[in-house]
Protein chains: 2
Amino acid sequence: MARIAPLSGFPEWLPDGRVVEQHVLDTLRRTFELHGFAGIETRAVEPLEQLLRKGETSKEVYVLRRLQAEPEEAERGSEKQLGLHFDLTVPFARYVLENAGRLAFPFKRYQIQKVWRGERPQDGRFREFVQADVDVVGAGELPYHYEVELPLVMAQALGSLAEIGLPPVRVLVNNRKVAEGFYRGVGLDDVEGVLRQVDKLDKIGPDAVAQLLVDEQGATPEQAEACLELAAISGSDLAVIDRVRELATSYGAVTELLETGLAELAALVEAAAERAPGVVVADLKIARGLDYYTGSVYETVLVGHEQLGSICSGGRYDTLASDGKNTYPGVGLSIGVSRLVSRLLSAGLVRATRGVPTAVLVAVVTEEDRAASDAVATALRARGIPADVAPRAAKFGKQIQFADRRGIPFVWFPGVVGDDGVRGADQVKDIRSGDQVDADATTWAPPAEDLWPRVVPAGE
Amino acid sequence: MARIAPLSGFPEWLPDGRVVEQHVLDTLRRTFELHGFAGIETRAVEPLEQLLRKGETSKEVYVLRRLQAEPEEAERGSEKQLGLHFDLTVPFARYVLENAGRLAFPFKRYQIQKVWRGERPQDGRFREFVQADVDVVGAGELPYHYEVELPLVMAQALGSLAEIGLPPVRVLVNNRKVAEGFYRGVGLDDVEGVLRQVDKLDKIGPDAVAQLLVDEQGATPEQAEACLELAAISGSDLAVIDRVRELATSYGAVTELLETGLAELAALVEAAAERAPGVVVADLKIARGLDYYTGSVYETVLVGHEQLGSICSGGRYDTLASDGKNTYPGVGLSIGVSRLVSRLLSAGLVRATRGVPTAVLVAVVTEEDRAASDAVATALRARGIPADVAPRAAKFGKQIQFADRRGIPFVWFPGVVGDDGVRGADQVKDIRSGDQVDADATTWAPPAEDLWPRVVPAGE
């Protein structure tokens with residue numbers, strides 16, 4: 001087993017990094033469950049034909065082959081081939097159709113799983129990473145208020161991570177109907193083409209985008225200018241809605257679709273300002289995703305780490321799934337957990353107080369007395385205190401060192417039987433302070449903050 | 001998206017089944033952490049050459065290919081190809097080598113992840129399933145007492161599931177040194193060949209095994225008889241050790257290796273009898289695994305469901321991993337979680353009290369008053385009570401029906417503003433009993449047993 005080297009794009013954490021990741025996952029799960037989302041998992045594979053329904057992602061799919069497949073198995077077409085899922089939306093849509101008769105709609109689910117993308121790994125792109133998704137899907141219809149609720153759930157989930165040092169988040173929202181209504185109003189009908197150019201704003205700047213709109217989309221300079229003016233609008237209160245309407249009016253571009261979109265965006269901005277002040281910002285330059293979402297679209301940035309890109313994105317689909325007879329509209333968001341955890345760790349923002357669950361290491365006096373140490377550990381565990389027993393009856397100094405290396409705060413010394421045949425009192429030592437006191441395994445407990453490993457801002 | 005059908009061998013659960021699985025996973029994790037095992041995850045893929053080190057499993061491996069791979073990428077040999085891991089032991093061994101300098105040994109870890117096997121799915125065999133592993137690995141050496149501790153950890157983990165209706169478990173143990181010492185003592189040196197035949201006992205019976213030992217292993221009828229007599233021995237106290245020694249003596253087959261193995265087996269049986277009476281049984285016919293483990297070997301059956309096979313197996317490796325310079329011995333066990341959960345569900349042994357986390361559905365009086373319902377839900381969630389808000393301001397009867405269909409026990413009615421301009425009291429209804437009382441979202445709480453979905457024996 002020579003030449004062991006990490007595989008680029010497949011992140012793994014050491015035990016203390018995993019404590020951080022597990023804390024993030026537990027926090028997300030708790031927030032989702034408090035909001036009534038049911039947890040599901042789907043299989044890692046989907047038929048290749050399902051995965052390829054969106055043409056552009058085809059290059060990212062990992063296809064599976066049984067190493068010793070029969071020849072006819074290897075040759076069969078994509079309808080029988082399996083690939084690893086590259087997101088949790090395609091599998092969820094399939095799960096909804098497969099189980100539609102056994103689910104109650106609107107169905108709120110969260111799903112936290114690994115996904116795989118066979119792209120070339122580069123600057124923080126992973127080939128395997130954990131996503132945490134929430135979606136609500138309706139049968140036939142889905143009330144608009146879920147488009148308000150879902151980004152707020154995510155804002156709260158990410159907000160609960162502030163206590164471990166996650167920077168504040170800002171949810172940027174836009175609405176497909178606003179963009180499409182406006183573009184059509186000014187006379188640009190290739191909406192997806194325009195969105196594709198506007199999406200380049202951050203990379204190439206407004207002048208270059210204006211040029212592309214003229215060269216590639218056949219826009220007049222005035223139409224291009226209108227698109228840039230729309231993209232420049234952002235804000236977190238209702239004034240933003242008025243500014244869009246004024247702009248559209250000045251171009252004679254007020255359409256029914258625009259008004260529908262503005263009413264939706266207004267409802268979102270208004271509810272968000274009340275329920276999570278300052279967190280949600282309407283940002284009319286958000287274009288990514290507007291080509292396949294049909295209503296609200298969301299991106300989320302870490303304040304101060306905007307260059308990391310969106311860590312939580314999503315939007316509204318009028319047709320998340322359809323079986324021909326029934327249509328299932330949905331709205332959802334997805335957190336890139338691995339990217340987030342990787343950032344927390346690599347930027348040194350957080351640390352785990354220890355990499356092992358153990359709060360107490362029970363020392364072993366002699367190997368013949370190991371049963372006494374096992375009994376202490378059993379008594380502590382029965383009371384919910386994570387305990388381990390020293391691997392060897394070494395000198396106590398070495399056993400304390402064993403605990404110290406792992407960040408275990410307490411070492412327990414079982415009492416020894418004296419010359420008088422009476423067993424002395426057990427003692428427990430806080431190896432950070434050196435304090436050592438008599439203790440009884442049926443009553444003693446560590447301070448609550450030492451019971452389990454915690455994740456804290458790196459400075460603490 | 002037509003023709004949606006389940007994929008054979010890739011189990012998925014409906015939300016209430018997932019509640020059961022999640023409960024099992026949470027229970028295992030808690031037990032492992034109370035015993036000081038650190039949680040890790042490894043990537044889903046390993047280089048194919050690593051996965052193929054044990055030749056016999058090659059047919060089970062799923063190989064990955066990027067759908068749009070460059071031709072040279074597709075043609076390269078197994079040293080660069082990636083496959084999905086088929087267990088958690090191979091990845092753990094690689095993780096230990098890769099991170100040896102950053103881990104503290106003995107290193108105790110648990111790992112709960114999906115694994116994949118490309119075999120033809122049949123009678124309960126899955127192609128994708130969750131395993132839950134615990135292992136201890138040492139650097140250079142690993143004290144024997146871990147061979148006693150690890151099966152007891154698993155027995156306790158599985159024992160904690162008795163409260164939800166899991167039948168009692170029995171851990172069957174054997175020791176490679178006992179089997180090998182005995183076989184060599186009676187003059188049979190092809191130890192793995194003999195083990196392979198003895199492993200067929202349950203399937204083909206003792207007469208056929210004796211015949212195979214004579215025909216295939218070149219044993220004399222007397223040697224074959226000795227093997228069968230050894231395999232017939234089982235018991236949960238030290239008498240079992242004496243019976244093996246007596247048998248070996250009668251055949252003049254007492255070897256040093258046998259005595260070493262018997263001393264180990266005795267230590268395990270003795271400690272287990274004290275710490276978990278009746279759970280561990282020495283069973284000398286256990287052969288599966290003895291060909292690659294080097295000391296203790298474990299299988300675990302559900303009492304009354306023995307035909308399900310072992311749900312938790314493992315053993316001691318003298319060389320879990322080696323980088324040429326250092327050797328890492330280990331001992332561990334692995335629970336087949338999916339098989340267990342599948343059995344619990346399909347045999348109707350357990351049920352979840354509900355399939356959603358929600359304890360309280362907050363009704364909506366009119367859509368204009370939705371904010372008041374949202375505020376109630378927010379107040380409840382802030383106090384750790386999972387709450388959801390009704391999707392529509394339908395008639396209360398329909399909103400109650402919405403809760404009832406999901407098993408949500410409580411429906412909350414926000415007070416309405418009367419003609420006098422005063423808002424009436426909120427009320428909460430237990431929809432099982434029909435009891436309805438005034439309530440305040442900042443103080444009311446459901447009974448503890450209704451707070452979260454629970455998993456209970458199916459009869460309850």
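Including glycine, each Cβ sits where the backbone N, Cα and C put it.
Values in this document were obtained by computation on a predicted structure and should not be read as measured data.
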L-histidine binding, same site as B:Asp87, B:Leu88, B:Thr89, B:Gln131, B:Asp135, B:Arg288, B:Tyr292, B:Tyr293 - TrEMBL member from B:Arg65, B:Arg66, B:Arg102, B:Arg117: B:Arg117
Packing count at B:Arg288 (L-histidine binding site) (other Cβ atoms within 10 Å of its Cβ): 19
Spatial neighbours, same chain, of B:Tyr293 (L-histidine binding site) - Cβ under 8 Å, 6+ residues apart: B:Arg176, B:Gly314, B:Gly315, B:Arg316, B:Tyr317
Neighbourhood of B:Gln131 (L-histidine binding site) by C-beta distance under 8 A, where only residues 6 or more apart in the same chain count: B:Asp87, B:Leu88, B:Gln111, B:Ile112, B:Gln113, B:Lys114, B:Val115, B:Ser334, B:Ile335, B:Gly336, B:Val337
Residues near B:Thr89 (L-histidine binding site) in space but at least six apart in sequence (CB under 8 A): B:Asp133, B:Asp135, B:Leu320, B:Gly332, B:Ser334
Cβ atoms near B:Asp87 (L-histidine binding site) (within 10 Å, other residues, all chains): 18
B:Thr89 (L-histidine binding site) - helix vs strand vs coil (DSSP): helix
